[in-house]
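Copied over from TrEMBL, here are the features:
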COMPBIAS  1-10  compositional bias 'Basic and acidic residues'
COMPBIAS  23-34  compositional bias 'Basic residues'
COMPBIAS  84-97  compositional bias 'Polar residues'
COMPBIAS  152-165  compositional bias 'Basic and acidic residues'
REGION    1-123  region 'Disordered'
REGION    152-178  region 'Disordered'
Amino acid sequence: MKRRDRKDDGIMDGSKSNTIGNNKKKKKKKKKNIQRLGGTALSLEAFANAKSTNQHHNPAFKKKQREFYKNAKYVSKYRKSLKQHTSQQNDASSSAKPAQDENETEDGGEMNISLKKKKKKQSLEELYEKKHEEEERARRERDAIFLAKKEEREKAEAQRKELRSKMFKKTRHGQPVMKYRIEHLLQTIQGSSKKPS
């Protein structure tokens, strides 16, 4: 057999093409891995921006927003009612005054403006005081109800403790004292017989 020379067969050329083919295979494999893992990694800025823009459903945020708009509506209604109230008072006060001469001096006009401002201030103070008194009265009533309920709870708890201590009493030999248990049964029977009638 003849010995062949590798250069003659073209194995050298094949090895170059083989390495190029391996590189292509590696690139394809890398690309598939990247796709499998969800694409290339995000930059830090892109990650931060993606986290900050939250477009998901958030019920707590929606509730706060709804409450905010509700409060804003109440405030605007309150301001409108105050405005109407002050305008009604101004109309009533202007209709009650007799018509004044047009020859008033500027000082007199400024004096009327200051008087109006004082009246507005007084009426607002009166409104505030009335509202404050109503709130104070309501608070006192709530406190009284709360204290009454607390006393009832404490009384009921004391009765339960007393009944429990009686029910758990034992004789010297460790037997339960039947006197208190029979009294309790008698009371429950009497209570149940009183309810229907």
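All positions are counted from 1 along the displayed chain.
Backbone N, Cα and C atoms are what each Cβ position is placed from, and that goes for glycine too.
Because the structure is a prediction, the values reported are computed rather than measured.
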Quiz item: Residues of the same chain, at least six outside the compositional bias 'Basic residues' (23-34), with any C-beta under 8 angstroms of its C-beta?
Solution: 40
Quiz item: Looking only at the compositional bias 'Basic and acidic residues' (152-165), what are its DSSP counts of helix, strand and coil residues?
Solution: 14 helix, 0 strand, 0 coil
